[in-house]
């Protein structure tokens, strides 16, 4: 099996991992509140349970990223992190007390931290021009999981039997079901996941050797060359190209970590406090803050104004899932023709328009039932329409403006910022469902802020010029 086939099977496995994370969210969320009530948990335990998953992922993401950057492997990290998913979901299934249930989500969230290693791997294994499309497809896989998850609940709610000393009912069955799925995924990872060589390693060693042969008859020239003649290797940023090229020549892939420490001369402040990085991390936070705040707001809103029950909400979420999936695949197509920063700008404009629409028509609804429902549908449609544009473009841009050699750690920091947003968003919206002007006003203010930041930093939201020259030269050769 050649590297191309291994690469495709590996990407398919990554898609399955993200789809399972979506299924887990979709099968556990509908029943966790009632489950906690049966365990005599106070109301605030619902927020604690949902936040615990994000909190542990927030902490472990950078650690898993650091691990993958140092060892240059992700397969073992995924297998290890999945053990936490398996253990966490089994603890959820046991559910003897509210504290065990809380700990189960905390443990399962550790497994989600491996996402930073996966995004780091994807950055090293894709060309910049194809990266946004692959990120879009991977993110769409999670949405597919969110969409098909409720279908599993149709049979899980019928469970009513004993498994040894454990009771299997509609509240505990999601735990054992997800536990089995994560166990099956372990075998899939073992069989179909390869730590394929980075693109820079596949072609870099050959090209450096060709360059050295050309230079044998000339005076000695540094491998790094000049801006007019860059090293032909794919990099997220152009720093440390000499070290990378030399290690590629000596030992194309596996021994790179032995040759150089990716964190040698690394400075977190120098890496993450640059203007373009701050803009993209802010976009990550605001996007997820607004998304989770709206998710928290929607159910009480539909109940208050439209008397939606479980069926109505399920149908609404299904339609929303279809729209988001289609949006991701549209962005996947668009990213081949339009620059990432343009996609980001379009997404921010759409999200701002959605927020303005909701402020005007949803905070103080007037007219009959039909008009109010139409205004609500348009507001939700616009909000979900902008989401894939912003989500995909900021992840793709972030991978290009941060160093490839520490990409796992950088993606961990990015995901931790997002995890913080998913904790704070529901907390903000949960207490303001009766004060929509304040809630939506803050969301719009945040969107206006990141839109202005993006406009002022637009010229910097692109891959470094030296790296673009290297890519163009490589493509031409």
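Positions of Cβ are set from backbone N, Cα and C atoms, glycine also.
These figures come from a predicted structure and were not determined experimentally.
Database features, via TrEMBL:
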- 9-32: transmembrane segment (TRANSMEM)
- 10-459: domain 'Major facilitator superfamily (MFS) profile' (DOMAIN)
- 44-64: transmembrane segment (TRANSMEM)
- 76-93: transmembrane segment (TRANSMEM)
- 99-122: transmembrane segment (TRANSMEM)
- 134-155: transmembrane segment (TRANSMEM)
- 175-194: transmembrane segment (TRANSMEM)
- 314-335: transmembrane segment (TRANSMEM)
- 342-362: transmembrane segment (TRANSMEM)
- 368-391: transmembrane segment (TRANSMEM)
- 436-458: transmembrane segment (TRANSMEM)
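Sequence-distant contacts of the transmembrane segment (342-362) (same chain, at least 6 residues past either end, Cβ-Cβ under 8 Å): 132, 283, 287, 290, 301, 331, 334-335, 375-376, 378-379, 382-383, 385-394, 397, 436-437, 440-441, 443-444, 447-448, 450-451, 454-455, 458, 461.
Between the transmembrane segment (314-335) and the transmembrane segment (134-155) there are 3 or more Cβ pairs closer than 8 Å, counting only residues 6 or more apart in sequence, so the two stretches are in contact. Confidence in the domain 'Major facilitator superfamily (MFS) profile' (10-459), given as mean pLDDT, stands at 80.
The highest tally of CB pairs under 8 A with the transmembrane segment (175-194), across 44-64, 76-93, 99-122, 368-391, 436-458, is held by 76-93.
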